[in-house]
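According to TrEMBL, the features are:
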ACT_SITE  Glu403  active site, proton acceptor
BINDING   Thr127, Gly166  FAD binding site
DOMAIN    7-120  domain 'Acyl-coenzyme A oxidase N-terminal'
DOMAIN    265-417  domain 'Acyl-CoA oxidase C-alpha1'
DOMAIN    483-609  domain 'Acyl-CoA oxidase C-terminal'
Amino acid sequence: MTTTPSTTALANFIWGEERLKRRCDILAAISSNPVFTQSPNSHALSRKDLWTLRLKQGVELLELKFKLGWSNQQFVDATKIAGDILSLGVNFRIFIRNLEAQMSPEQKAYWIPRAERFEISGCYAQTELGHGSNVRGIETTATFDPKTDEIVVNSPTLSSHKYWIGSLGIVATHALVIARLIVQGKDLGNHVFLVQVRDLDTHELMPNVKIYEQGEKGMSTFASMDNGVMAFTDCRIPRTNMLAGMVSLDPDGTYHAAKNTKHAYTSMVIIRGLMSEELGIEVAKAVIIALKYAEFRRQFNPKDGLERRVVEYASVQNRLFPALARAVAMMLLGREMRARIDNIINESLEDLHLQTVGAKIWASEHGVRDVEIARLSCGGHGNMASTGLGSLYAQLSPSRTYEGETYVLSQQIGNAVVKHWKNTSEQSISALSYLARLRDARRMSQKSQVAGSDDWFSPPVQEDFLEHRAAVLARRHLGDAARGKDTSYDVFELTMAHADLTYWRGLQAQVKQSAQHDRETMEALANVFALNAMVEGLAAFAGEEYLSAEHVASLRLAYQHAISGFATHARALVEAFGFTEYELNSVFARSGQTPYEGLLDVAKQSELTDNVFVRPTLLRARSLWKKYGRAKI
Ligand SMILES: Cc1cc2nc3c(=O)[nH]c(=O)nc-3n(C[C@H](O)[C@H](O)[C@H](O)COP(=O)(O)OP(=O)(O)OC[C@H]3O[C@@H](n4cnc5c(N)ncnc54)[C@H](O)[C@@H]3O)c2cc1C
């Protein structure tokens, strides 16, 4: 078990040079810091104690940021390494990114340095009790008052209370509030306003603002985050606090609309684009915890006096190996998307939008399922909090909902398919290549050219399969949409096929860039990834000419070969990830003790072991029968 991060060529490839360097710097800074190393068992803390511990750790990281000159991204990475989702990260991950994307140059010059110094700390307040996915339904109003050159923010109803706002419940001093701009009685729709919600000296609420911390979330989800509820009553802010990067409002009430309305969505594209890499890291942690346990755990089929390691069973390999391959794909493709986002000015926003939407849905759906699969593959012991698998699940589970609910967001892929099909304009969108195939009747009616199971390992064969599947599902969607059917459920399958293709292409491109020494491992991973997606996607081919029964049988055979040959590569990948014990925070992944010793230690520390506090109740229960004078019940 590593206590320092791995820095081999494969580690460098998986993490990316820049990120790995940040990781090493962060781990060096915190591995001897008592705020992190001597913290109590986080799995056993109450919500309030956990939140307070996380705040203390967050503040320590802030101090390290200032002392060591860390960038904002370095700080965000550090918050992820230090714990689950830390409240202080919202300012740097979401708030500042939105200021950068949506403020005018003058506003940026004034506000961003303050947020970077943490003199102010911000959050993003869009969702309301009554309005989430449907952003157009937002009710909060921001009415321009030309007499005072101010904007008056109001929450007119119960359903207009802001709700779910991360970091608002306790930490934030400022909120980016999405509200309807009203000028001279005219509703100009949603705009973004910077509202100070707490006093900078006392941290008391500002007048006319009410905030509540939201309370416990189910399954201890986001336990370290102070999501908040907020309402405004005639809360006045300067007109200049309306974010003016794309729109502006003059003192006389003249309104200048955005030239490119699509740019209002830039910040969503950015945050969604970051999610694939972030989720990949968390999924990899869960799968690696499970793999470490599966290497240790033995059940049945003894040989030379020892039962067989469970990692050798197909039931475990078929669940954990594809999950590991997907986690790596999330990280590699996520990194590529991050590079495109950093260069967003030169990007086709629609192409990037469709890629990030598909990737967000795919990564969160697979990611959450894979963390649960990791837990289940550990049998009964996987249920213990001390394995860390439960908290990883709780942390990832809402990723399917925030930044766009899966099924609602899937419709954006469906809508793009319909639009570009009608306009014959798919050439402009690389992610929609399958529409060109759909227009070609000859290609749609052709059969797969596969002759034997080895052929399935060929990248052109895999691409042909995945593109054909996306085209078949696009055809179904176009037909459903034309008939006026509610496609909001079925479109999900198209979205996943669309994203399978995007991830497959991204992974293939990345594999070609791996070092010669690691190429075999990366190719093995790409094959597990591709063949798993193909086997799981077979349903789309029912009734199609493309695949025969022999094709399906040989595909399954190829997939089994890919899985059974992956064990040594999986070990190499686990090494390359090089997660430290601190990061995994699991009794299944400790250098000084086995999982059994770790589990026993936890039991010995359980505060319920000493049951003196309930003994009177138990003794009374055991004599209850006497009270009713009945020896036999
Ligand atoms: C942990 C967490 C943190 C969050 N943090 C923030 C934050 O910091 N700031 C912020 O502003 N918000 C935040 N949110 C809110 C989040 O962005 C919204 O909850 C999310 O966008 C989903 O919207 P909703 O709740 O309105 O879902 P709904 O739209 O109400 O979805 C309910 C159901 O209806 C279905 N549905 C809805 N519309 C349609 C349709 N047109 N067609 C078919 N089916 C439909 C959905 O598929 C879903 O099954 C957070 C949420 C969570 C869980």
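Quick reminder: no glycine exception, Cβ is built from N, Cα and C everywhere.
Taking the features listed in TrEMBL, we show where each one sits on the structure.
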residue : record                       : contacts (Cβ under 8 Å, 6+ apart)
Thr127  : FAD binding site             : Lys162, Tyr163, Trp164, Ile165
Gly166  : FAD binding site             : Ile85, Ser87, Val90, Ile94, Cys123, Tyr124, Phe222, Met225, Asp226, Asn227, Gly228
Glu403  : active site, proton acceptor : Met268, Ile271, Arg272, Met275, Lys360
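As a summary of secondary structure, the domain 'Acyl-coenzyme A oxidase N-terminal' (7-120) carries 87 helix, 0 strand, 27 coil according to DSSP. With DSSP classes pooled into helix, strand and coil, the tally for the domain 'Acyl-CoA oxidase C-terminal' (483-609) is 89 helix, 0 strand, 38 coil.
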